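A.B. asks: Dropping the structure in here first, questions after.
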Amino acid sequence: MSMITPMDDKGIAAAAKALRAGELVAFPTETVYGLGADATNDHAVAGIYEAKGRPSFNPLIVHLPSAREVARYAEMTEIGHKLADRFWPGALTLVLPRLKKDRLSKLVSAGLDTVAVRVPAHGGARDLLRVADRPIAAPSANASGRLSPTEAAHVAASLGEKVTMILDGGPCKVGVESTIIDASGDRPTLLRPGGIAVEAIEDCLGVTLLRAASDDHAPKSPGMLSSHYAPGLPVRLNVTEPNAGEAWLGLGDCPSATLNLSPSGDLREAAANLFIMLHQLDNPRFSAIAIAPIPETGLGLAINDRIRRASYL
Ligand code: TXA
Ligand code: MG
């Protein structure tokens, strides 16, 4: 059973240290409890997906202590600025273009060139973000398919042994997840209704939001698929002997692989490397990206989901 720790100065200092060391820490925000990891650390971010048992790599929200800090990682668009001024800190998440040298793990945004960012209103959460001094990726701290947790005990019941620490800040005031707005372009789009009313957002912007189907589940339409990073080259799966001219992305014992997701076959290491290596191999000097078989266990499910989608496009 993992440690439920009071969210006082001592608890926050210990949690910040654990986050900086690449460990997972559950912490309260005003919406729901989040499962946090250092968003600049690929291995730590892979740990989030492993702990949640997510069968796919849903992009994650990056939490920061101030709008000023957000501007180090994401491009503040005009719409983003307006909404941030009005609703941050608070239950609003903005999807914005990633900055080129943002240092964020590619796994955080599942290879997309946008990133979801939020400045929470919860004082303890902001203290934690300040002391940790890292951007913190955090999905809701529940196992995949379970309800979002609004008390430390919910997190313990759902993820107990999988996190280093659970900071207990009492029940969450808002109790539903943040509203997510895609503010990356000039047509603001509602991606998920949540803690901030849509009317308030439309009132602030003076326009009606476009509506997108919820992004929380596997994309249902090819249009949603296209929003995910897909290599320009054709992708072939379950390849044990690549053709001449193909890049071979190996796993485990593949001595002639162009790159290897994890020579020891560690699926968490493989997840941490997946998007980085797909980008590296997506080069016209190759005819295709051939990917070695990935076991359908643990994070292998999410890796296979992702590369299967890449191979359809
Ligand atoms: O209130 C909340 O938002 C909580 C607390 C912990 O902050 N977090 C939360 O995270 O609900 P999660 O992972 O359960 O939901 C994140 C949502 C997903 O639906 C994901 O698809 C969407 O954000 N998302 C993240 N990055 C995105 C991006 N670049 N483009 C579009 N959608 C994105
Ligand atoms: Mg969730």
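Backbone N, Cα and C define each Cβ position, glycine as well.
Just so you know, TrEMBL annotations are computer predictions that nobody has curated.
According to TrEMBL, the record shows the following:
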DOMAIN    9-196  domain 'YrdC-like'
BINDING   Thr31, Ala138, Ser178  L-threonine binding site
BINDING   Arg54, Asn58, His63, Thr114, Arg118, Ser140, Ser148, Arg192, Tyr229  ATP binding site
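Quick one: where do these features end up spatially?
C.D. replies: All chains included, 29 other C-beta atoms sit within 10 angstroms of the C-beta of Thr31 (L-threonine binding site).
Cβ neighbours within 10 Å of Arg118 (ATP binding site), excluding its own Cβ and spanning all shown chains: 27.
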A.B. asks: Just counting, how many other CB atoms are there within 10 A of the CB of Ser148 (ATP binding site)?
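C.D. replies: A 10 Å sphere around the Cβ of Ser148 (ATP binding site) contains 18 other Cβ atoms.
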A.B. asks: Setting Thr31, Ala138, Ser178 aside, what same-chain residues sit with their Cβ within 8 Å of the center of the Cβ atoms that define the L-threonine site, listed in sequence order?
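C.D. replies: Same chain, not in Thr31, Ala138, Ser178, Cβ within 8 Å: Thr29, Val32, Gly34, Ile61, His63, Ala91, Thr93, Arg118, Pro120, Ser140, Glu177.
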A.B. asks: Are there binding-site residues among Thr31, Ala138, Ser178 that sit within 10 Å of His63 (ATP binding site), Cα to Cα? If so, list them; otherwise say none.
C.D. replies: Ala138
A.B. asks: Of Arg54, Arg118, Ser148, which binding-site residues are close to Ser178 (L-threonine binding site), meaning a Cα within 10 Å of its Cα?
C.D. replies: Arg118
